[in-house]
Amino acid sequence: MKYEKLLPRFLEYVKVNTRSDENSTTTPSTQALVEFAHKMGEDMKALGLKDVHYLESNGYVIGTIPANTDKKVRKIGLLAHLDTADFNAEGVNPQILENYDGESVIQLGDTEFTLDPKDFPNLKNYKGQTLVHTDGTTLLGSDDKSGVAEIMTLADYLLNINPDFEHGEIRVGFGPDEEIGVGADKFDVADFDVDFAYTVDGGPLGELQYETFSAAGAVIEFQGKNVHPGTAKNMMVNALQLAIDYHNALPEFDRPEKTEGREGFFHLLKLDGTPEEARAQYIIRDHEEGKFNERKALMQEIADKMNAELGQNRVKPLIKDQYYNMAQIIEKDMSIIDIAKKAMENLDIAPIIEPIRGGTDGSKISFMGLPTPNLFAGGENMHGRFEFVSVQTMEKAVDTLLEIIRLNNEVAK
């Protein structure tokens with residue numbers, strides 16, 4: 001194996017349950033995330049990172065790989081998140097499959113679940129590689145503990161394995177709660193103190209992403225008028241029926257299951273209530289600012305029209321922006337995309353530059369003034385029992401980080 005400790009690190013990290021909690025009001029959202037951040041801080045110190053500190057204000061643990069050159073090199077930041085998605089993460093039992101043939105069905109532990117190339121054709125890309133997958137009872141946690149392990153392996157390489165590799169100052173940060181959308185809300189750009197950064201939080205080999213959705217959340221409240229159904233004619237206003245009518249007024253094909261690429265959507269997450277009152281929760285997504293604003297306006301227009309027809313304000317939308325397409329920031333200076341693209345090409349990795357149908361911590365951090373695109377970390381089928389990662393892709397992620405650092409140093413004066 002090219003990086004001897006990469007896989008052991010990854011296996012160690014995924015066995016720690018760091019599932020974030022969207023119902024929590026604390027930062028980080030769980031005590032397990034606090035404890036894991038402190039553990040990572042100790043590991044960072046053991047590798048030789050300097051100025052390692054935990055920020056109580058935002059749950060990030062930060063450390064520095066000091067420069068070993070006198071050149072005026074731009075400072076690079078590398079970020080990954082410690083939490084995992086909303087799927088069982090207790091008792092993660094990673095399985096290792098060496099020299100996968102690209103065709104066989106992979107049994108997930110003792111469960112009835114399998115990774116079948118017929119269902120997951122991406123498996124065919126991994127012939128001859130070593131795969132780490134689940135036992136079918138949990139997620140794997142490659143999102144984003146692959147990124148964490150890769151960054152730690154990079155730090156080990158620069159500080160201990162090849163300390164003569166010339167580089168400028170590199171800052172490392174591991175944070176909480178990316179999966180519940182609040183991880184970067186309190187990120188401290190001034191404390192991180194770099195010129196540009198990358199999140200190592202992407203998927204398959206070659207992903208290089210600087211365009212995300214713009215995102216908003218909407219809660220629609222419906223006020224009904226409940227009376228006995230036996231005498232309800234011309235009197236009852238059923239809040240649940242209002243919710244159904246509202247949803248049906250949205251564009252039929254603008255839903256996640258019917259969209260792809262650059263197409264945006266409305267996504268109904270939750271609907272509950274009674275004839276007296278009901279509540280619908282949506283997310284709104286689009287890549288283009290104009291269309292994003294049109295979607296939010298449409299949700300208000302539907303409510304206004306229904307209220308006018310009802311003669312009362314029974315439909316109340318509450319819409320709140322969540323994050324914005326970071327391309328608006330990154331495109332002002334594409335040099336950090338160019339250097340990452342060049343690094344991959346130098347390593348015979350074909351860059352995959354496509355819009356993310358989602359967001360990253362970098363979306364928010366970029367709008368705080370620190371451009372932060374996203375690099376591949378290797379995971380596939382993330383957020384569930386079918387998740388897997390290739391060890392060889394993880395190694396190439398470390399290679400890519402090293403090449404970015406080398407190229408960044410090369411252009412310095």
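From the backbone N, Cα and C atoms, a Cβ is placed for every residue, glycine too.
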One of D135, D143, D156, D254 listed by Swiss-Prot as binding Zn(2+) 1 at the site of H81, D201: D143
H383 (Zn(2+) 2 binding site): nearby recorded positions from D83, D143, E178, D201, Cα cut-off 10 Å: D143
Which of H81, H383, all binding-site residues, has a Cβ with the fewest other Cβ atoms inside 10 Å: H383
Distance [Cα-Cα, Å, rounded] between H81 (Zn(2+) 1 binding site) and E178 (active site, proton acceptor): 6
Conformational class of E178 (active site, proton acceptor) under the three-state DSSP mapping: coil
Spatial separation of D143 (Zn(2+) 1 binding site) from D83 (active site) - C-alpha basis, Å: 8
Listed in sequence order, residues not in H81, D143, D201 with Cβ within 8 Å of the centre of the Zn(2+) 1 site Cβ atoms: A80, D144, G147, E178, E179, T199, V200, T360, D361, A377
Structural state of H383 (Zn(2+) 2 binding site), classified by DSSP into three states: coil
